[in-house]
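These features come from TrEMBL:
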type: BINDING; residues: A:R85, A:K125, A:130-136, A:160-163, A:E168, A:H191, A:245-246; note: ATP binding site
type: DOMAIN; residues: A:89-275; note: domain 'ATP-grasp'
There are 2 protein chains.
Amino acid sequence: MLALAGYPLGQRFRFFDTAGGAVAGHLAELRVGAYDDPEALARFAEGLELVTYEFENVPVAAARSLAERVPVFPPPQALEAAQDRLAEKTFFQSLDIPTPPFYPVLTRADLLEGVERTGFPCVLKTRTLGYDGKGQQVLRGPEDVEGAWSRLGGPPLILEGFVAFERELSVLAVRGRSGELAFYPLVENHHQGGILRKSLAPAPGLTPRLQAQAEDYARRVLERLEYVGVLAIELFEVEGRLIANEMAPRVHNSGHWSLEGAETSQFENHLRAVLGLPLGSTRVRGHAAMLNLIGVRPDFARVLGVREAHLHWYGKEVRPGRKVGHVNLRADSWEEIRARLQRLEWIVSERQ
Amino acid sequence: MLALAGYPLGQRFRFFDTAGGAVAGHLAELRVGAYDDPEALARFAEGLELVTYEFENVPVAAARSLAERVPVFPPPQALEAAQDRLAEKTFFQSLDIPTPPFYPVLTRADLLEGVERTGFPCVLKTRTLGYDGKGQQVLRGPEDVEGAWSRLGGPPLILEGFVAFERELSVLAVRGRSGELAFYPLVENHHQGGILRKSLAPAPGLTPRLQAQAEDYARRVLERLEYVGVLAIELFEVEGRLIANEMAPRVHNSGHWSLEGAETSQFENHLRAVLGLPLGSTRVRGHAAMLNLIGVRPDFARVLGVREAHLHWYGKEVRPGRKVGHVNLRADSWEEIRARLQRLEWIVSERQ
């Protein structure tokens, strides 16, 4: 989606992946190599103007090694801050951004002490490589403690107090090379089995106060990290205030609605940012919704038969639990969106 | 632009061009061959689901030869009707669609007789291979007749009466494989040296009556040709009524505004049509304008600094008179569009 947004800006692309067969290879050159192979990285970087990434588990060492040869945006320190849940929450704390209570867990004794402080329910998570609900266990009572400890494969872990949130939101923010900032409106996210299922933009009932709070958090993060590109922060809404859950230093699934729903998509704005071009308007065109296609290939004709539905099929092999595409809806009112979204969810679920 | 619109629909592409180096080769497979080489065409068609084109001077024989192997949309008879100005105007006449008066010119005597009937000014044109104002000569008085005859290289020609039009408009229409129809609003076009310079969508002051007349003409053409895909008809507005000038059986420069200005772009709708998918909404998002970049590479940062400007750079080598990109503007009112368009024209012209 970055490349599709970048061709009209006169850009050319080269992709790097650790496995062959990445679908991006259909629309630009694809290099396959290991993140820990400096020569493969050097050959990849040769002749490039800059490098960006859309996967937050790129090893920081690989990003730093590339950054010695060519500008890398977002900066490697953003990867570093986002990859370790403990570093990430400590970073939020240092910026006075509220987070759920958390405790580092290096030993079984740490875990027991942490549970003592948070009470149940609480969530035990691996510190790294978690995504789409992977690497976490909810502890509902004492009987869950041992199982979670062994299922997560031991330390380093982090124990987080459970937040009785009203809803999950996210903010997408962009910072250009000159420091210019832009913010998309807060989005309401719905997960299923730990995987983002749908996003509504702007979040229904969004108040200017809540939006201002989100932008304030995002601004602090962007400026501290000297960030360049699109950044997503996932948030909990609790009694009209926002608590930061985690951040992703990249274009984000909860921003996919922007392809048709915003004046400028997150993909185009990410590229404008890293290229040092002026940022585009983040204005919403009415209301939008995004529905992920997870492990299912729906009937395209039925999907496109829904009024103002836009299909984004990734061309990946369908596998259970794999995000293989999404559908965006755009309309002038929430009522229209709701009715069409229901119909779309029916079309998609029927095929599973 | 067709490929960029088609990847999200899960499509893959193979391009055919008569010269190497086509920019489409960056984003899909490019085959180079001659239109009159049946073997090259056969190898090109192998494994394809269907063939479409975005250039109306593809020889009809090449389209027919491909159509023996694989569906070709728009159908070759549409190419045939559009390639010869005499056939095209006769075709419009057969559908009761008004055209400027015209006379076939096969001999010098035909030319003199035609001029006698039309009076001056009138326009002498080659019957085939004209585009962007090429292959035509305006005759303002008797002194222009001989020069035009020799400059156009002799018959077959067509002489057309000059129409004192108020403005040039075009209608973009789509017909799906099932016969489903969709129409974009009439667009106002401004030419410069015979080349489309800018389009305003919807045409300022557009009345439902004028739109209905345009749709009525387009419907007759689409249905008579059993057309599939996007069709453009260029029209003159004369005292509140429409006269057909010419048609193009393909996505059209005067529809490029639809990339950001319409709910579904002409490119996506062309693909939906040829793939047998439901057509997308042709609803306009507010107002839009398109400015062609002709023989100039503007400063991208300055272009993108114009509010709600969207750059579409084709990646082609810049040559005088060559269309190398366009900029789309979108806004909620004409007033906003006008002010931004002026600024944009300044940014673009200054660099020429």
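Using N, Cα and C of the backbone, Cβ positions are placed for all residues, glycine too.
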So if I measure Cβ to Cβ from A:E160 (ATP binding site) and keep only same-chain residues at least 6 apart in sequence, which ones fall under 8 Å?
A:K89, A:P100, A:P101, A:F102, A:Y103, A:T118, A:C122, A:V123, A:L124, A:K125
DSSP three-state assignment (helix, strand or coil) for A:N245 (ATP binding site):
strand
Please give me the CB contact count at 10 A for A:K134 (ATP binding site), counting all chains in the structure.
12
Work out the three-state DSSP category of A:R85 (ATP binding site).
helix
Tell me which residues of the chain lie with their Cβ under 8 angstroms from that of A:N245 (ATP binding site), as long as they are six or more apart in sequence?
A:T99, A:P100, A:E168, A:E234, A:L235, A:F236
Please determine which of the binding-site residues listed here (A:R85, A:V163) has the lowest count of neighbouring CB atoms within 10 Å.
A:V163
On the 0 to 100 scale, where does the mean pLDDT of the domain 'ATP-grasp' (A:89-275) fall?
94
Please state whether DSSP places A:V163 (ATP binding site) in a helix, a strand or coil.
coil
Three-state secondary structure of A:K134 (ATP binding site) from DSSP?
coil
